[in-house]
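Novice: Take a look at the following structure, please.
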Ligand code: DGL
């Protein structure tokens, strides 16, 4: 069994496009409807209730469009809204969380020193506390809220090397980075900063994100339901955004093509 119905992917704004790129690369036959909520970004400094309401409105729209699954391409919305969305809707809802397990497993039994860069809300929510509880006895974990990195992407300043590096230094100069084993990019906007993090960090420090794991999980779920797109299907990406100005449309497309 297969399904040519689209997959709905959403984020508070443009960060989830990093997940769409991964879907396009690994599941090229799938059709993706992407919705970025840039008019309401950032989510990471909002209350959980606000993020739940906004997420619910987006998923309702996807359901009307006939999606076969939803990917919450946003760690923040996953923390605040995934459980409620799963209770409410009858389609698979795939969420994301900072890939802390991947970072800790790299140590193969040795204590790891890991920075988790994410939004303030992701790091405040219970889901992250539960994740920390699994690893904090055996590893040293530094949660670091970096809301400024979301703003830079949304304002189209990602290519402004000085602004980006200055912002990264503001967040990370407090650490002795030579003692850090890995940095987890726990926000989909941050995945676009990989090269900048590489410039900031010593080569011994790994940079880890959850995009590949999320897309693998999506594939497993769709396969188990017999809902993968058939091999001959033409995949494609449609980008939509709550901020309908031309600047955001161009920015979204350029991030997809990046
Ligand atoms: N991209 C989002 C995440 O993965 C959230 C960014 C924001 O709106 O604060 O957490």
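Including glycine, each Cβ sits where the backbone N, Cα and C put it.
Pasting the feature list from TrEMBL:
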type	residues	note
BINDING	11, 12, 43, 44, 75, 76, 188, 189	substrate binding site
ACT_SITE	74	active site, proton donor/acceptor
ACT_SITE	187	active site, proton donor/acceptor
Novice: Comparing the recorded positions 44, 187, which residue's C-beta has the most other C-beta atoms within 10 angstroms in this structure?
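Specialist: Result of the Cβ crowding comparison: 187.
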Novice: Tell me the Cα distance separating residue 74 (active site, proton donor/acceptor) from residue 44 (substrate binding site), rounded to the nearest angstrom.
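Specialist: Counting only the Cα atoms, the answer is 10 Å.
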Novice: Roughly how many Å lie between the Cα atoms of residue 43 (substrate binding site) and residue 187 (active site, proton donor/acceptor), rounded to a whole value?
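Specialist: For residue 43 (substrate binding site) versus residue 187 (active site, proton donor/acceptor), the Cα atoms are 11 Å apart.
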Novice: Taking only the Cα atoms, work out how far residue 76 (substrate binding site) lies from residue 187 (active site, proton donor/acceptor), in Å, as a whole number.
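Specialist: That separation, Cα to Cα, works out to 7 Å.
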Novice: Over the residue list 11, 12, 43, 44, 75, 76, 188, 189, recorded for substrate, what is the maximum interresidue Cα distance in Å?
Specialist: 12
Novice: If you measure residue 187 (active site, proton donor/acceptor) to residue 12 (substrate binding site) at Cα, how many Å is it?
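Specialist: Counting only the Cα atoms, the answer is 11 Å.
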Novice: Provide the number of Cβ atoms within 10 Å of the Cβ of residue 76 (substrate binding site), excluding the reference atom itself.
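Specialist: 33, counting other Cβ atoms within 10 Å of residue 76 (substrate binding site).
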Novice: Write down the Cα-Cα distance for residue 74 (active site, proton donor/acceptor) and residue 189 (substrate binding site), rounded and given in Å.
Specialist: 8
Novice: Other than 11, 12, 43, 44, 75, 76, 188, 189, which residues of the same chain sit close to substrate? List them in sequence order, counting a residue when its Cβ is within 8 Å of the Cβ centroid of the site.
Specialist: 13, 15, 16, 41, 42, 74, 77, 119, 122, 150, 187
